[in-house]
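Below is one structure; the comments refer to it alone.
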Amino acid sequence: MATNARLRRPAILAALLFSLFLAALDFSIITTAIPSISYQLQSHTANVWIGSAYLLTSATVAPVWGKAAEIWGRKPALLSSIVLFFVGSAVCGWSRTIAQLIAGRAIQGSAAGGIIVLVNISISDLWDARHRSMFLATTGIVWAISAGVGPLLGGVFSEYLTWRWAFWINLPCCFAAFIVLFFTMSPSEPRSVSAGQSSGMDWIGTFSIVGVTIMILLSLDFGGVVSPWDSPKVLSLLFGGFGLLAFFIFWEIKGASSPLIPVHLLNRTSKVSPLLVCFTHGFVNVSSWYFLPVFFQAVRGASPTRSGVLIMPIVVVQAVTGVAAGAITYQFGWVRPLAWVGMALMTLGFGLFAIIGTSTTLALTVFIEIVAALGVGATFQAPLIAYQSAVGSADIAMATALFGFVRSLSTSISVVIGGVVFQNGMSSQSKHLTNALGAQLAQNFSGSTAATNVLTVHALPLYQQAVVKKAYVHSLKDMWAMYAAVGGLGLIAALFLRKQALDQSGSEAPERNPVELVQATSSPQMDRIPADGPHAE
């Protein structure tokens, strides 16, 4: 059995990482395809909704999937999320209207939230704390590769085939991942309640957190785009969301017998600070996926495919740095130093993005990408390891689900806030655009349509191009400055991370059949960190 377990473990890991790749890929693959989608489906708001529908739903359901895995087991939850992702991809691929596409993206996002959380939980089940750092680092590599390959694939599909292949490609891939996991992961008794029962699910908390997330993110999506910020629609969603949040907090503390988010996961600085680092890191990192292609296409005149190539330095450096960070944690047990250096470099890199403009050389742009990617890669898994260490082995699954929720929420909010800052910047340039282009043509580059019309910039006469490019640079500069400020807040939060006492031997945990992933989250033997937290680094 031990030999069989060793043979199955790589297969399980490969299938888990492949599933994660599919979920991560759909965050970025549509970034370079959005102009084509907007044109074919005749929707000027596609750039907001196609991305937001996926991000919003993936963030909303993360705690729910984590709780489901605790109650019904890892395998049923993971396979269900893969099937749901297949369905969502099919809906997107065959959609004929923007409404159908957005619905498909929402289904995809609901599944992706589960895949992302359950992959991290499953990897945490398989290895002790020291080895876990190495294998969690592989998830960072997957995110980096997907961030670079996604825009490239999206550009290739939209230029040479059809943007629908951005979704059709998921169908055979989901099938392959499902088959491997179905035959390598064996079912066992759920941890919280007996199989088939639902008494352990906090349904009130579940519907509350779903409502909170949807209402708040929709208010941010609508504000300034669909309706003015002071409109009844936006204000009702915003205040309703915060009111429901207050109820959710009260319910989790006082009413729930089996809380969706246990309060003790947030009762110490050592538990809150990793989540703050996670939030700021995700908030800043995702902006490069969505807004660097805008710069390369609008300002540098790159095609969708070439814009994907131009962000490859971020992919390569982030992947290499992620591996190096995992190796450093494995060898030396360092977590805090990686977070400090990583957040500092990330903040510096995204701050430097604010200086790039129409005359910036490609070499300097690539150098700035490398600086930012070094920081992103170094910090990708450090806060998760710190958080898992702070909560102890008994709460690994729920802690990992909460961490995934925070990361997904941060990316959802980031795309919306970044889009708002960019749109406001373009709106502030409307006078210059109108003087140079005329009122009708200038509307193509107004706040709400600028991101979807990047490919039309270079069809203009040269003197008009110069004005439009200047407007894009001005708007992106304000946006990058905002992201650098958030990165600075994350660096401050990283200073409060608690020292980690990872197992210094680097030896693997006592042998356990890895196909029994649906059993206890992590036994004290699997996780070598004391339940009351670490005390020395």
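Just so you know, glycine gets a Cβ as well, placed from its N, Cα and C.
Taken straight from TrEMBL:
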type	residues	note
TRANSMEM	12-34	transmembrane segment
DOMAIN	12-502	domain 'Major facilitator superfamily (MFS) profile'
TRANSMEM	102-123	transmembrane segment
TRANSMEM	135-153	transmembrane segment
TRANSMEM	165-183	transmembrane segment
TRANSMEM	203-222	transmembrane segment
TRANSMEM	234-253	transmembrane segment
TRANSMEM	274-296	transmembrane segment
TRANSMEM	308-330	transmembrane segment
TRANSMEM	337-356	transmembrane segment
TRANSMEM	362-387	transmembrane segment
TRANSMEM	399-422	transmembrane segment
TRANSMEM	480-497	transmembrane segment
REGION	505-537	region 'Disordered'
Contact yes or no, the transmembrane segment (308-330) and the transmembrane segment (362-387), 3+ Cβ pairs under 8 Å, gap 6+: yes
Segment proximity, the transmembrane segment (362-387) to the transmembrane segment (135-153), 3 or more C-beta pairs under 8 Å: yes
Proximity verdict for the transmembrane segment (480-497) and the transmembrane segment (12-34), three or more C-beta pairs under 8 Å: no
Spatial neighbours of the transmembrane segment (165-183) far in sequence, C-beta under 8 Å, 6+ residues away: 11-12, 14-16, 18-19, 22, 25-26, 29-30, 33, 75, 78-79, 82-83, 85-86, 89-90, 92-93, 104, 153-154, 157-158
